[in-house]
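**Q** So Swiss-Prot lists the following for this protein:
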- T43: site 'Part of a proton relay during catalysis' (SITE)
- T44, I203: pyruvate binding site (BINDING)
- Y106: site 'Part of a proton relay during catalysis' (SITE)
- Y132: active site, proton donor/acceptor (ACT_SITE)
- K161: active site, schiff-base intermediate with substrate (ACT_SITE)
Amino acid sequence: MFYGSVVALITPFKDGTLDRQGLKRLIEFHIENGTDAIVVAGTTGESPTLTYEEHELLIELAVGYSNKRIPIIAGTGANSTHEAITLTKFAEKVGADASLQVVPYYNKPTQEGIYQHFKAIAEETNIPLILYNIPSRTGVDMLPETFARLYGDFPNVIGIKEATGNVARVSETISLTNEDVLILSGDDALTLPMMAVGAKGVISVANNIIPKEISQMCKLALEGKFEEAKKIHNQYWDLFKVLFIETNPIPIKTAAYLMGLIESLELRLPLYTMSKSNEEKLKEVLRKHSLIK
């Protein structure tokens, strides 16, 4: 259900509030362009600056707008176990198809603390849980052994978004679990290398603006057609890189605005607009790929 190309959706704002119609348009855009699933309220969706009410509203609106035409994965992780459980229960209640659970950030739990955190969430909910390992943001790395333990102990822990930048993690995780475990790349630049050794797809930033291409690359990789998939990977390599020229989601939201996919380039502080020099670099790559004029 969650194989292939999953978009880490940007959150459109307008006049300081959630742009409901903008969100609806983005969801339709991804349905029309072959995206396999949508993550809302993740890192790319600016979840840290959403109010609790906005977080719930975003999930509920996405579920309603999708109307079961595309799976919705709700970002409901937190560094408070109680808060993560509460938000995950809400996502389950309103009909989200899965939950993305980030490793607790800032408070830097031990591996046993990470296990106990996700154990509590898994025991309190029934929704499929995709764990999210991104040590560059959280300050702690969930080791493959910890994930494997959770995967083996709780049937609703179905997979992991692996954003360590380490392709070997795929093989390590498979060796501790099985070939069918859901591993999703958390880095567009590493999607194809990770799929070559057993990952099942990507939770993608670039998919916000090139959904057809990312979807096709993942489809080819899942079919074992790596030579064809490699052509797409290499063609968009410069785009994958420039989208991280500043902190995500600043460049991708700027690109979406320049392409007319969102009406307002609103970022919430402490995120701030791109520097002029970096924006020009972004525009240059977008023009090269005929995404803007």
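Our numbering is plain: 1 for the first residue shown, then up by one each step along the chain.
Every residue, even glycine, has its Cβ placed from backbone N, Cα and C.
Buried or exposed, and what's around them? Tell me for each listed feature.
**A** According to its DSSP assignment, T43 (site 'Part of a proton relay during catalysis') is coil. Long-range Cβ contacts of T43 (site 'Part of a proton relay during catalysis') within its own chain (separation 6+, distance under 8 Å): A8, G75, V102, I134, R137, N248, P249.
The Cβ of I203 (pyruvate binding site) has 30 other Cβ atoms within 10 Å, all protein chains considered.
According to DSSP, Y106 (site 'Part of a proton relay during catalysis') sits in a coil region rather than a helix or strand.
DSSP classifies Y132 (active site, proton donor/acceptor) as strand under the three-state reduction.
Look at K161 (active site, schiff-base intermediate with substrate): DSSP puts it in a strand.
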**Q** Near K161 (active site, schiff-base intermediate with substrate), which residues of its own chain have a C-beta under 8 A away, given they sit six or more steps off in sequence?
**A** L100, I130, L131, Y132, N133, I134, L184, S185, G186, I203
**Q** For Y106 (site 'Part of a proton relay during catalysis'), what residues in its own chain, 6 or more apart in sequence, show a Cβ-Cβ distance under 8 Å?
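**A** Sequence-distant Cβ neighbours: N79, T138, G139.
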